[in-house]
Amino acid sequence: PPVHPEVVQQTDVASTLAICLGLPISRNSVGNLILPVVGGKTMREQLRFVHLNGFQLSTLLQENTLAYEKDPGYEHFKIAEKSHSNWIKLYLEGNNSEILLNLGKKVLKQYLEALKTLSSSLSKQVAQYDMYSMMVGIVITMEVLLLLLLSVPKALSRRAEFEVPLSPPLFSLLFYLMCLMLGAVHVIVCTSTESLCYFCSMSWLTAAGVMMLISVLMCGILSAVAKIYENSRLPLKNPVVSGSSWSEIDVLILAGTVGHVLSLGASSFIEEEHQTWYFLINTLCLMLGHELCRSNFLLEEGDPQHSTTVKQTFDSIRKASECKHIDISATDDSKLSKVTSSAEFIKGSHKWISLASPWIILICCRLLRSLNQTGVQWAHRPDFGHWLTSSEHKSELSFLAAVSLLLIFILVQRRCSLVSKIAMALGLLGVYSYRAAIGNVIFPWQHDSKDISKGITEARFVYVFVLGIVFTGTKDLLKSQVISADSSIKCTGLWEVYSGLVLLSALLFRPHNLPVLVFCLLIQTMMTKYIWRPLKFDAAQITIMHYWFGQAFFYFQGNSNGIATVDISAGFVGLESYVEIPAIFLTAFATYAGPLLWAIHLLCYLSSEFRNSAAVGHGCFCYALMRSIPVAVYIVLVTGLRYHLFIWSVFSPKILYEGVHVFITAAVCLFFTAMDQNHSQKV
């Protein structure tokens, strides 16, 4: 073996294996024969092997290139073929002299040069990217991200203002200079490029609009930077020396976000991204458990926050009694002592449930991990979902589905109106009937095999209740926004919209995935009542926790970053044939149900638990920022890794998932903005 081994391309392995095994070379292979592998063969066999490889590559070139005859590789191959023909004539004449051997080596060298040139030409065609259009997209994406980052201080202030200074740049000299410069670059690139360019194929009006957008965003960024610089030079009105206000939760959120973004540069981390989110939410639960222990046990008895709890309880009782004109001083002391003991008992039980909540959530997450194996490395391993969906365990699946639907009703109905409760109960009954109609589950009285149908009637029955619940919630929301600014009506309307989406998710989820929906509702309930309320996190922290859990539940459903895990059957629920728009909506909703339900629950929580009118605005901004950071960075990473071996099998599907997720996030942020009472008052 040589001291420095020869470097070969991985694409060469396919061609070499095919030749060595006596099989045809793959039609679309762009690899070359690794000559040392067949170095022990005779000269005639070696020439035959490289000729087969060259013929396959030249045929592939002819199929993909119009002017293939002018390609240098094709010309070299034809010259090598003629030399090979002369060598064969000498060989058939029985000439075994040194001349035949030298001519054979010369022909072999010509073939190898032709193969190298042909392979290079084909590889460039396969990996030919529209870099100009890609760079335009990257510039716009990074400008939007930078503008969001520069707006963090104002957007998270008490007034929750997100101001983009767009008016001054439109009339500034810099804006017109940038438009002129970008127009010149566009003309030069489009007139000099030989390959097809998407951005150049646009109309000049559309291209001018894109260039104006880039110029406006750049001027807005420069204006924001200048304003921040001016504010930093102004003397503070109330200079206060304060230490760092970063808590452990803030450090964890920052480290987790940065770590996840950096992991997107590795194909293995993208294939197993679910492990990253499982690790992050487990770490978050441990941190929340630590915060709960510290708030419950490390406060001394003399701490005002601890000692005034019972006093506040009785102050509230006294105020309530005064409102009802009851003389509490005349009440028997024994009754007051009973109230005191019961209040302390409730407070103590609430404390222990609160302390146990993070551990219960960890157990729920561990059970969900066992339900669906996802990713690539461990996807082949059997999981609880496979066991449930086997034909031998249909009774167990039916029991689990029935219990799950019952628990969904119990967890959702608590804040719904009476009409919505009835609609939810009938809708969940229709979900089970639909699954029984298509043969996924069975009724208790069903013993023989029933004829399987499409379940169109049952599914449409559920759709009616979904639309009814959502319509009822929308009516309450419009009433709270237009007629009266009643927060209770608004919270009820939001929860009913959320309930309608839960019912739709129950219909679209496969029966073995219904526990995912149950655990989603259970974790939301526990975190709301026993973790977020006692610890009093701000809106930004609550938003990021919702985002993390939404990402984790995306993978708990059995999704991955591969196209094969998309459940396209959800797009046909209740449809007799393929209808494009409903199928796209239902498939997208079923795929992103986890992140979407957590996002709507975030809006319900911020509207009901925070008295600050800016809380919804803070949540909307943080949610958009958390989605924008990984998408913008991933676009840059994918562009840099466009020649990676797994660009089409790993990186490309991931960017499709991210693109659809961005559209859904945009719709969620629009809903947040519409529900922002502070924003509505400004308008």
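Just so you know, glycine gets a Cβ as well, placed from its N, Cα and C.
Annotation comment: TrEMBL describes 131-150 (among others) as transmembrane segment. Same-chain neighbours of the transmembrane segment (131-150): 164, 189, 193, 197-200, 210, 213-214, 217-218, 220-221, 224-225, 228, 621, 624-625, 628-629, 631-632, 635-636, 639, counting only residues six or more beyond its ends whose CB sits under 8 Å from a CB of the stretch.
Per TrEMBL, transmembrane segment is recorded for 170-192 (among others).
The transmembrane segment annotation in TrEMBL covers 204-229 (among others).
Summarising the annotation, TrEMBL assigns domain 'GPI ethanolamine phosphate transferase 2 C-terminal' to 349-658.
Per TrEMBL, the feature transmembrane segment maps to 397-413 (among others). Away from its own ends, the transmembrane segment (397-413) comes close to residues 388-389, 420-421, 424-425, 428-429, 431-432, 435-436, 440-443, 499, 502, 506, 511-512, 514-515, 517-518, 521-522, 525 of its chain (Cβ-Cβ under 8 Å, at least six residues beyond either end).
Taken from TrEMBL, the feature transmembrane segment applies to 425-445 (among others).
Sequence annotations record features per position, and here TrEMBL assigns transmembrane segment to 460-478 (among others).
Positions annotated as transmembrane segment by TrEMBL: 553-575 (among others).
Here TrEMBL flags 581-608 (among others) as transmembrane segment.
Summarising the annotation, TrEMBL assigns transmembrane segment to 620-643 (among others). Residues 127, 129, 134, 137-138, 141-142, 144-145, 148-149, 151-152, 155-156, 160, 162, 257, 260-261, 264-265, 539-540, 543-544, 546-547, 599, 602, 651-652, 654-655, 658, 661-662, 665, 668-669, 672-673, 676 of the same chain lie 6+ residues outside the transmembrane segment (620-643) yet bring a C-beta within less than 8 angstroms of a C-beta in it.
Counting only same-chain residues 6+ beyond the ends of the transmembrane segment (655-675), those with a CB under 8 A from a CB of the stretch are 477, 481, 490, 494, 561, 563, 588, 591-592, 595-596, 599-600, 603, 607, 616-617, 619-620, 623-624, 627, 630-631, 634-635, 638. According to TrEMBL, the feature transmembrane segment maps to 655-675 (among others).
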Near the transmembrane segment (581-608) in space but 6 or more residues beyond its ends, with Cβ under 8 Å, are 487, 490-491, 494-495, 497-498, 501-502, 504-505, 508-509, 516-517, 520, 524, 528, 532, 539, 542-543, 546-547, 549-554, 556-557, 559, 566-568, 570-573, 575, 615-616, 618-619, 623, 660-661, 664-665, 668, 671-672, 675
Of the listed stretches 204-229, 425-445, 553-575, the one with the highest count of C-beta pairs below 8 angstroms to the transmembrane segment (170-192) is 204-229
Within the same chain, the residues 6 or more beyond the ends of the transmembrane segment (553-575) and with Cβ under 8 Å of it are 270-271, 273-274, 277-278, 365, 368-369, 371-372, 374-376, 379, 385, 434, 455-456, 459-460, 462-463, 507-510, 513, 516, 519-520, 582-584, 586-587, 589-595, 597-598, 650, 653-654, 656-657
